[in-house]
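Data block below; observations after.
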Amino acid sequence: MDLETGVNQNRVKKESWKTILTLAYQSLGVVYGDLSTSPLYVYKSTFAEDITHSESNEEIYGVLSFVFWTLTLVPLLKYVFIVLKADDNGEGGTFALYSLLCRHAKVNSLPSCQLADEDLSSYKKDNIISPAPTTFGATLKSTLERHRVLQRFLLILALIGACMVIGDGILTPALSVFSAVSGIELAIGKEHHKYVEVPLTCVILIALFALQHYGTHRVGFLFAPVVIIWLMCISAIGVYNIIKWDRHVYRALSPYYMYKFLKKTQRGGWMSLGGILLCITGSEAMFADLGHFSQLSIQIAFTFMVYPSLILAYMGQAAYLSQHHVIESESYGIGFYVSVPEILRSPVLVIAILAAVVGSQAIITGTFSIIKQCSSLGCFPRVKIVNTSSKIHGQIYIPEINWTLMLLCLAVTIGFRDTKRMGNASGLAVITVMLVTTCLMSLVIVLCWRKSVLLALCFVIFFGTIEALYFSASLIKFLEGAWVPIVMAFAFMIVMCIWHYGSLKKYEFDVQNKVSVEWLLGLGPSLGIVRVRGIGLIHTELVSGIPAIFSHFVTNLPAFHQVLVFLCVKSVPVPHVKHEERFLVGHIGPREYRIYRCIVRYGYRDAHKDDSEFENDLVCSIAEFIRTGKMGLNVNGENLRKDFEDLTVVGTPSTHLSGVQLCEDEDVSAELVGTSERKEILSPCVTKPKKRVRFVIPESPKIDRGAQEELRELMEAREAGIAYILGHSYVRAKQGSSLFKKIAINFGYDFLRRNSRPPTYTLSVPHASTLEVGMVYNV
């Protein structure tokens with residue numbers, strides 16, 4: 001069954017101030033771990049090479065001024081007060097913005113969309129209203145809908161953001177943990193620290209990734225206290241340094257010091273912006289993790305706790321450095337730990353490592369989430385998704401991705417071995433995601449919020465200029481580490497594009513070669529073959545029509561099941577689908593054929609790793625459809641008499657307690673006909689009482705004799721068991737295709753398909769009940 005989706009969490013979150021403050025407290029551990037550890041490496045990366053710390057203090061004051069205004073304009077103004085309002089039914093992130101645009105302008109990349117999807121409550125929650133025909137928004141909307149190249153560009157833009165988030169998931173743990181561990185140099189000396197830093201960092205990273213399968217909820221209660229202690233620690237040290245070393249350091253907050261800094265340092269100062277940029281790493285997490293909290297809780301936590309603590313920490317470091325121009329440990333240079341009083345360095349080192357682990361945990365979980373969203377939207381190969389918590393929404397673990405991230409993270413740590421190049425790499429990944437968010441937000445302002453184009457231009461010019469300045473400073477460090485996120489993003493982008501292209505071509509082949517309903521009707525109720533007891537569950541990606549693979553079954557198999565269900569599990573461009581709207585059920589052909597179509601809909605953030613109860617849910621939804629006898633709208637817009645396929649929205653059994661419920665009773669008698677359905681796999685020598693299946697039907701309203709007979713046959717079929725009929729596709733580029741298409745389909749897509757999970761892995765299909773037939777797709 002589905003995990004708790006948390007669709008209505010935002011309503012609960014607004015109940016009381018106590019709830020809001022509790023969420024704000026919890027968000028400190030989940031959202032702000034990465035952002036709060038940035039003081040560990042910002043000054044060290046900034047003064048690594050491009051600029052020097054002179055007696056005039058113009059450099060250190062200029063850097064402090066840049067840090068202050070960057071923190072104020074980007075995380076505080078842009079994200080906290082503007083971007084957080086662009087939520088998709090309470091969810092945030094790059095794909096939330098893309099999903100919003102898909103619904104307001106028909107630019108959806110999912111080929112299996114139906115008109116019925118637009119009736120979902122979460123789809124309509126935005127109160128989508130087409131802009132007036134004379135407005136710029138209407139012109140922009142029609143332009144996007146007419147030109148496929150613009151739709152592909154929008155998808156690629158969202159994928160670039162996703163790829164850079166994945167790259168950040170590799171670079172941030174390495175940078176954070178290595179920067180925290182680097183403080184050990186001041187304790188053991190420069191002769192030995194190089195033999196300790198990298199191995200210790202690798203051990204911590206391996207432990208971090210090895211513990212991912214337990215889930216964050218196991219140790220989540222420790223996250224917020226760790227970050228709070230860390231923030232209090234750095235702010236207290238900051239206040240101490242300000243009072244002791246330079247009480248007038250607040251003057252450096254004036255923008256005038258930025259001008260003086262750039263005037264003196266010129267090109268070196270511009271290149272050092274790549275280090276200053278690291279002060280906002282982790283800001284995107286405020287938006288990406290919005291679904292776990294609420295706007296107000298995230299705003300309160302950042303505005304009243306994180307933001308002032310970070311400003312005090314940076315001011316304290318600047319105050320200390322303004323009076324210390326010759327650092328005792330020349331190999332360590334300008335860094336966080338030199339400003340920490342010597343007596344506190346050991347406990348601060350421990351707290352810093354714990355905070356770095358918390359921050360790394362948040363970005364790793366975010367990487368899992370973004371890959372799941374990409375996979376749901378058909379842009380990433382199917383992977384195994386393990387839900388680590390049955391109560392807390394969004395906590396998932398992906399084994400394949402986890403170990404890939406760990407290997408790449410270790411490679412970055414061992415390969416670079418210094419914060420300078422790690423910082424250059426991480427900075428480019430962070431600022432690219434922010435640029436993508438700025439571009440998508442400008443479209444959201446016009447298309448979704450229906451504001452003036454002038455406001456959107458002001459937004460993109462103001463924030464885009466700031467981010468473009470940092471982007472250029474990061475890109476200039478291409479040979480000094482910035483190439484890493486570009487190479488990683490390029491590799492992931494190739495995987496995503498090839499998978500999306502191959503999946504799209506495969507679906508188009510299915511649509512073009514589907515069997516007509518007339519052919520099915522011509523076979524008669526028996527389909528021209530023997531119908532035996534049981535339910536045949538035919539998995540297909542089509543939402544209408546009959547897949548071509550079915551004709552192979554009919555012509556090659558001597559018998560078929562008395563009840564056939566064409567099952568389609570699909571994703572829709574909304575974060576969550578309510579349980580009440582989960583199933584679309586309808587007949588294919590006349591009632592006496594006993595052939596049904598069932599479409600199971602999930603949002604891109606829904607957990608649909610269904611357990612053994614899925615079969616009962618499916619049978620109950622069909623039984624409820626039969627009992628109610630509803631005639632839904634023809635979701636495909638075709639002639640009802642021709643198609644015999646009108647689908648009705650049916651919820652899961654938990655949503656219609658007054659409807660049909662399925663019960664299984666143990667029956668030890670041998671009189672029952674057919675095989676029994678087992679909930680456990682037993683050894684051949686173990687016998688278990690058979691299960692007798694029955695429907696509990698409400699007394700009113702009364703159902704007609706035909707529906708009763710249909711329910712009886714469905715009950716008998718369920719008792720006999722369910723067989724899964726799967727089509728195993730071999731996709732090949734057709735003759736005459738271009739060289740690019742042949743390479744992409746015959747090698748790229750084929751390799752990804754063979755090494756990814758099958759389409760039915762979410763259904764926990766038992767191998768003993770599976771029938772698989774191969775078919776070649778010439779796309």
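Every residue gets a Cβ built from N, Cα and C, even glycine.
Because TrEMBL annotations are produced automatically, they should be read as predictions rather than curated entries.
Lifted from TrEMBL, the feature list:
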type	residues	note
DOMAIN	23-520	domain 'K+ potassium transporter integral membrane'
TRANSMEM	60-81	transmembrane segment
TRANSMEM	149-167	transmembrane segment
TRANSMEM	221-243	transmembrane segment
TRANSMEM	268-287	transmembrane segment
TRANSMEM	293-315	transmembrane segment
TRANSMEM	348-371	transmembrane segment
TRANSMEM	396-416	transmembrane segment
TRANSMEM	428-447	transmembrane segment
TRANSMEM	453-471	transmembrane segment
TRANSMEM	483-502	transmembrane segment
DOMAIN	534-778	domain 'K+ potassium transporter C-terminal'
Practice task
Considering only the recorded stretches 221-243, 268-287, 483-502, state which has the highest number of Cβ pairs under 8 Å to the transmembrane segment (453-471).
Solution key: 268-287
Exercise for the section: May I ask which of the stretches 293-315, 396-416, 428-447 has the most CB pairs under 8 A with the transmembrane segment (268-287)? Expected result: 428-447
Practice task
Please check if the transmembrane segment (221-243) comes into contact with the transmembrane segment (149-167), where contact means 3 or more CB pairs closer than 8 Å and the residues in each pair are separated by 6 or more positions.
Solution key: no
Handout entry: For the transmembrane segment (149-167): best-contacting stretch of 293-315, 396-416, 428-447, by Cβ pairs under 8 Å
Key = 428-447
Fill in the blank from the handout: Long-range CB partners for the transmembrane segment (348-371) (under 8 A, at least six residues beyond its ends), listed in sequence order, are 29-31, 33-37, 40, 93-95, 162, 165-166, 168-169, 172-173, 176-177, 179-181, 183-184, 187, 204-205, 208-209, 212, 216, 223, 226-227, 229-230, 233, 237, 282, 285, 288-289, 336-337, 340, 380, 383, 394-398, 401-402, 405, 605
Handout entry: Local confidence of the domain 'K+ potassium transporter C-terminal' (534-778) - pLDDT mean
Key = 73
